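The structure appears right after this line, and notes come after that.
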Amino acid sequence: MSKVFITCALPYANGPTHLGHLRSTYIPADIYARYRRLRGDDVLFVCATDEHGTPIAVKAEAEGRTPLEVATRYHEMIRGDLERCDISFDSFTRTTDELHHEIAQKFFLKLYEKGFIYEKDIKQLYCGDCQRFLPDRYVEGTCPYCGSEGARGDHCEGCGRHLEPLQLEDPRCMVCGSEPEVRDSRHYFFRLNQFQDEIREWIEGSEMPSNVRNYAIQWLREGLKDWILTRDMEWGVQVPLEGNEGKIIYVWGEAFLGYISSAAAWSKKTGRDWREYWDSGAIHFIGKDIIYHHAIFWPALLMAYGCRTPANIIAGEYLSLEGQKMSTSKNWVVWTSDFLERFDRDLLRYYLTVNAPLTRDTDFSWDDFQRRVNDELADVLGNFLHRTFSFTGRFFDGRVPAAGELTAEDLEFLESIRAAHDTVAELLDKFQFRDALMHIIKLAKRGNKYFNDQEPWKAVKESPARASTCLHLCNLLAANLGKLLRPFMPSAAGRILSIMNLEDEAWGFHELREGQVIERAKPLFSKITDEAIEEEKAKLIEEDDEVETVTIDDFTTMDIRVGVIRSAERIEGSDKLLKLIIDVGEREMQVVAGLAEKYSPEDLVERKITVLVNLKPAKLFGVKSEGMVLATGESLNILDPGDAEVGERIR
């Protein structure tokens with residue numbers, strides 16, 4: 001029996017969960033935790049709500065509440081969402097807990113004492129009326145990229161770009177509306193650059209999935225820069241050094257430790273040592289938007305402290321909605337609680353698992369959800385189980401009949417049942433959740449074919465022994481389907497095992513004794529009606545109708561052309577921005593693009609792109625930008641113009 005430490009990325013407590021959160025992080029992590037428990041491993045599965053940072057503080061001021069009141073409200077919502085989805089945490093705590101503050105401050109102090117944290121002055125926006133510095137979302141203004149008003153100090157909803165407060169044009173304090181000034185502020189930095197070689201060696205020697213490994217190596221190629229570790233605000237974990245009143249540890253300097261504080265809280269309750277689990281190798285489940293933090297920054301902090309680094313990092317890619325990027329601000333999203341008001345949690349766990357491999361972006365479509373539930377769960381899995389149980393009840397008095405002499409076809413069918421647990425286990429060990437679940441569905445499909453080929457409705461009259469053997473093997477498959485589905489669809493699996501009067505045993509092939517009582521059962525899965533799907537789609541359309549439209553004249557003012565990147569380099573002081581020299585046919589232009597998290601400069605040189613060439617020039621980090629490179633989605637995939645000639649206008 002091995003000890004296993006499994007974590008989920010901490011959900012941020014400024015809103016409830018939506019399907020994107022569940023798909024990328026919580027459902028796959030729970031599948032893996034349940035699987036390892038069934039294998040007999042000693043699992044510690046932890047999480048917490050991340051309750052510090054500017055978004056919560058800003059929301060609290062806007063609502064006339066304290067940040068703790070806002071965080072508490074959403075902590076309870078998030079906890080409820082995850083419990084209703086059968087996420088089986090051993091510990092789910094909060095970063096506002098006293099224990100978390102204590103652990104985070106001790107961690108900070110040790111790094112400071114070891115010389116890995118130093119002080120440096122930086123320039124920040126300061127509101128004279130409020131008499132405070134304005135980090136992140138405490139400031140808004142005009143986006144320098146797309147010109148959208150109301151862009152926040154960390155993000156523009158208009159174009160999706162990451163921003164820094166000093167980049168905003170016409171910045172305003174979010175609280176009082178006054179224009180801030182630029183002042184120097186002293187902050188603490190972590191010597192991330194010092195761990196460049198150690199991080200590279202760790203990543204290259206790890207078993208991380210390619211999407212995590214490649215992303216991290218791309219950053220390492222560019223060289224790591226020291227990381228600011230503090231913020232000027234009151235809400236958060238206070239810097240534990242004298243003379244630093246009003247300074248907190250940056251959320252990415254303490255939120256990681258929510259894994260540790262949640263485990264430590266579990267230790268206090270159980271009397272068991274969480275360190276034994278951590279030292280066995282932690283497995284982090286996260287969304288791909290925080291790969292950098294977990295694959296670069298977090299292991300460097302652990303190396304500096306002297307702790308073991310994670311054993312693996314599993315990053316789920318993005319989920320879009322009906323072909324469009326999800327947006328909570330525009331309500332283009334399916335909230336977990338809304339989904340569960342109408343549909344069963346197992347349908348959610350099933351669809352978000354089989355929709356696509358975890359390492360690939362995918363889309364949630366109501367039509368596809370209906371199709372897969374109806375075709376795969378109702379018509380394949382549910383149909384096989386219902387036929388087997390009903391036939392057993394009708395012709396064998398509700399008891400598993402004896403198996404007679406086995407034919408070659410019977411033996412082949414039996415072997416597929418015997419091998420299933422090993423096949424699914426091998427896939428789950430590789431974190432291939434979709435393939436593992438689809439193997440189970442294919443096994444149920446094979447069961448339907450076997451049932452049809454054997455024609456037990458005829459055999460029960462013409463050859464009772466043949467019908468008895470067929471139903472014995474079909475019940476054997478049903479029992480093992482129930483066992484196999486436990487990590488993926490625990491509620492449905494429990495119903496199958498209950499119908500068959502079976503115990504929740506360890507992972508592995510399950511023999512079935514003759515005479516086992518099979519209870520009368522209704523179909524496990526009902527088909528989803530067209531009306532139900534149309535109602536859900538209508539909710540999105542109602543919201544979409546509010547989107548502001550533009551005329552063809554508006555569109556024709558935009559000069560979008562095919563270009564080719566002649567040179568690319570990083571911009572000093574920014575982790576997101578690249579300076580590009582782009583050939584657009586008649587001339588070369590300089591563009592600052594927020595592509596550094598996705599692409600290295602070397603990857604972009606001589607690459608054809610589409611670029612908006614008549615954008616009003618702006619300065620970003622002191623570098624002039626004359627246009628905008630077009631890319632899609634949160635993943636910032638550059639639009640490929642194909643065979644179009646450089647300089648051609650896109651119409």
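Cβ coordinates are placed from backbone N, Cα and C, and glycine is handled just like the others.
Range with Swiss-Prot annotation motif ''KMSKS' region', chosen from 150-154, 325-329, 370-374, is 325-329. Highest local Cβ density among the binding-site residues C156, C159 belongs to C156, counted as other Cβ atoms within 10 Å over all protein chains shown. Looking at T328 (ATP binding site) and C156 (Zn(2+) binding site), their Cα atoms lie 13 Å from each other. Of all the binding-site residues listed (C143, C146), C146 has the fewest other CB atoms within 10 A of its CB.
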